[in-house]
RNA sequence: GCCCGAGUAGUGUAGUGGCCUAUCAUGUAGCCCUGUCGAGGCUACGACCCGGGUUCAAAUCCCGGCUCGGGCGCCA
């Protein structure tokens, strides 16, 4: 029989309890462990912030309460009202002696995954029961860090004078190319899920907002099947007027450094649970030219001809050589999108990639702001300028030079948490095979 | 999409032709125990992905399917 919440409310999280609290407290959470020693019973109650022991000495607790609790199953939801008591025999030196307990929800047994984390459950099973997986303090740590990361990214960009914007996720055709799109039905029209906010944040550069950023979902219909790709992911995008690529590279490296510092300082408990030793990367990040990167690959036996993008083994080879975050600059124009500004030597562009030793994190560039050059580059890349009218119009009536980048939020979180699989840092990942839950 | 590998109790595993009536841990259920903290002790429960084939004999070998993992490609 499950109890009614009634007028009970949580007065304290586990972490907030201390021996100086004289009045009765009400704690709320899940039964993490049950240890029945016969004459005394211990319940470990877990909430978002930690765990606390509830001690039930048989002689001091009402029979009715004892009977009720002796039938409890792990992971059931409880509220406990009682006295906080200091006792060095209790884990953490504190325990709660209950006067009343409400069983708000009985948990079925057995559980589909091991929540306590003593037996490692495979990711696939964990994702099928993500709500239970989150009850594992290690998994929870990943998502507390994720939350903190987004908070700090926003703080940093706000401090730098950026304005948060939101672009549409449902679009007609005409995106910047380079990837497959998911088609959707939009009343009588065909539409797509947007691959990035690129075109929209550039349009805002003609609005006078000067510095904008967006954190939001992007969709790619590629049939990739790797540990570092998803079909729905989160991008952190900025666009900045009156700037060139070197300006936004500076913002990017300082942002990464700042987020690392903040996580290191304010998520030390979470990092410890993940067994991750986080060191902010030193500023400035190394900048290597595309040509140098090609040389490194060739030296290491990965053959690349000029004008090709780096294959996965190439990225790893360069990462091994550098050992920390680095930029690749001076990319051939032909392998960068139409909106990347060419340098005076036209075959080189003002585009850059930010690399982690194991994967790409971000790419950006100074953008083309001349409408004539834009049209020319579109045609070169087999795109039809007339389909981009909504975008090109923004370049007609005063468009300042501008630059920006897009940063893969999940890639950043992989780097911070040290998780080898991108699915670990997304609550409900969407990949080639998974659409549920 | 290509290549490689794997599917054994709820979870994680051992077992690679007969010693399998299938190992161990965890879990679940029950009993004992007044200070546990990965509690302990005793007892019980629970599994060979599906379909076909080879063989006297298949968890084990072969074929097909399904599912999962890794690498690559594509892509960020």
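Every residue gets a Cβ built from N, Cα and C, even glycine.
From a predicted model like this one, the values you see are computed outputs, not experimental measurements.
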Kindly point out the range from A:198-201, A:202-205, A:206-209 that TrEMBL annotates with region 'Aspartate'.
A:198-201
Say TrEMBL lists A:220, A:221, A:222, A:228, A:229, A:230, A:408, A:409, A:410, A:411 as binding ATP: which of A:176, A:270, A:360 is in the same site, per that record?
A:360
Residue A:220 (L-aspartate binding site) CB neighbourhood, other CB atoms within 10 A:
19
Of these binding-site residues, A:222, A:360, which scores lowest on Cβ atoms within 10 Å?
A:222
Cα-Cα separation of residue A:360 (ATP binding site) and residue A:91 (site 'Important for tRNA non-discrimination'), in Å?
44
Compare the C-alpha of residue A:222 (ATP binding site) with the C-alpha of each of the recorded positions A:91, A:176, A:367, and give the closest one.
A:176
Could you check which of the recorded positions A:91, A:229, A:409, A:411 is the closest Cα neighbour of residue A:220 (L-aspartate binding site)?
A:229
Let me know how many other Cβ atoms fall within 10 Å of the Cβ of residue A:363 (L-aspartate binding site).
19
Counting each residue once, how many in the region 'Aspartate' (A:198-201) are helix, strand and coil under DSSP?
4 helix, 0 strand, 0 coil
